[in-house]
Amino acid sequence: MTLSWPSPAKLNLFLYITGKRPDGYHNLQTLFQFLDYGDTLTFTPRNDTQLTILTPVEGVADEDNLIIKAAKLLRQYCYQHHIPLRYQGADISIDKKLPMGGGLGGGSSNAATTLIALNYHWQAGLSDETLATLGVTLGADVPVFVKGHAAFAEGIGEILTPASPKECWYLVAHPGISIPTPTIFTDPELKRNSPIRSLGALLQAPFANDCEMIARKRFREVEYLLSWLLEYAPSRLTGTGACVFGEFESQEAASEVLINAPEWVHGFVAQGVNISPVHLFRSRIPVLLHP
């Protein structure tokens with residue numbers, strides 16, 4: 001059975017860095033929400049063990065693609081735990097809409113969708129909790145995509161508490177550049193001492209992103225784009241960038257700003273959703289049983 005699975009974007013509605021750990025990672029507090037917009041991954045199970053990307057991503061070798069890494073990780077876990085699989089290979093196509101290095105979680109989302117989809121197609125029968133534990137070895141953001149609910153994240157992003165922020169409409173704009181995460185986190189001027197607060201306190205305060213000042217200072221494209229968007233709506237950087245987003249009360253309001261935007265502005269309008277489109281899709285497809 002061939003199925004096309006959503007691989008949604010995420011936004012960091014706020015992001016505060018509360019300290020740097022001895023191992024070099026940063027402790028943070030952030031609020032993840034999904035978007036009803038993203039990539040689409042199509043999986044066709046194979047009777048052999050081949051894992052083939054039919055639509056290679058430019059600049060990313062197959063062996064470095066998180067999709068392939070996730071598939072191999074799932075298969076290896078099942079081998080090690082003597083879990084029988086209906087299939088062990090797959091042909092995979094990617095309809096790529098999310099920019100790399102954009103702060104929208106595209107790679108992590110692809111990995112999570114792969115774990116969820118192949119768990120279904122291969123009939124491995126693993127729980128989302130197990131898939132999330134596998135996923136964190138691929139990236140700190142993978143578990144939130146696997147678990148599929150908007151969440152308040154702490155620690156390095158691995159401590160998740162389900163949350164239900166308002167499902168607003170957003171204009172998400174991309175400045176045409178990629179920002180590697182280490183570029184932001186290694187900057188000596190990055191704020192690393194935000195106070196640790198409860199989710200309730202954070203929801204009552206104006207939302208902000210501690211990475212934004214560095215991104216605006218080091219990348220003029222981000223500065224120009226955010227300055228433009230702030231004229232129309234409360235706007236922030238997502239993650240470590242490079243994408244920015246403005247918050248609107250309606251799809252029409254966000255779309256009107258995008259339609260009338262300068263030619264150099266590239267973006268899309270999407271709604272924030274607290275249940276991942278991947279989980280909604282999975283709930284609507286038939287349960288597969290071993291023959």
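Don't overthink the numbers, they just go from 1 along the chain as shown.
Quick reminder: no glycine exception, Cβ is built from N, Cα and C everywhere.
What Swiss-Prot says about this protein:
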ACT_SITE  Lys10  active site
BINDING   Pro99, Met100, Gly101, Gly102, Gly103, Leu104, Gly105, Gly106, Gly107, Ser108, Ser109  ATP binding site
ACT_SITE  Asp141  active site
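Recorded features from Swiss-Prot, shown on the structure.
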residue : record           : CB count, 10 Å
Lys10   : active site      : 27
Pro99   : ATP binding site : 18
Gly101  : ATP binding site : 19
Gly103  : ATP binding site : 30
Gly105  : ATP binding site : 28
Gly107  : ATP binding site : 23
Ser109  : ATP binding site : 31
Asp141  : active site      : 24
Pairwise Cα distance for Gly101 (ATP binding site)/Lys10 (active site) [Å, integer]: 13
Check: same-chain CB within 8 A of ATP site center, minus Pro99, Met100, Gly101, Gly102, Gly103, Leu104, Gly105, Gly106, Gly107, Ser108, Ser109: Ala9, Leu98, Gly239
Gly103 (ATP binding site) to Lys10 (active site) - Cα separation in whole Å: 8
Ser109 (ATP binding site) to Lys10 (active site) - Cα separation in whole Å: 8
Those binding-site residues, out of Pro99, Gly105, Gly107, that come within 10 angstroms of Lys10 (active site) at the Cα: Gly105
Cα-to-Cα gap, Gly105 (ATP binding site) vs Asp141 (active site), nearest whole Å: 7
Assigned conformation of Lys10 (active site) - DSSP reduced to three states: strand
Per DSSP, three-state class assigned to Ser109 (ATP binding site): helix
Pairwise CA distance, Pro99 (ATP binding site) versus Asp141 (active site), rounded so that it is a whole Å: 16
Asp141 (active site) to Gly107 (ATP binding site) - Cα separation in whole Å: 9
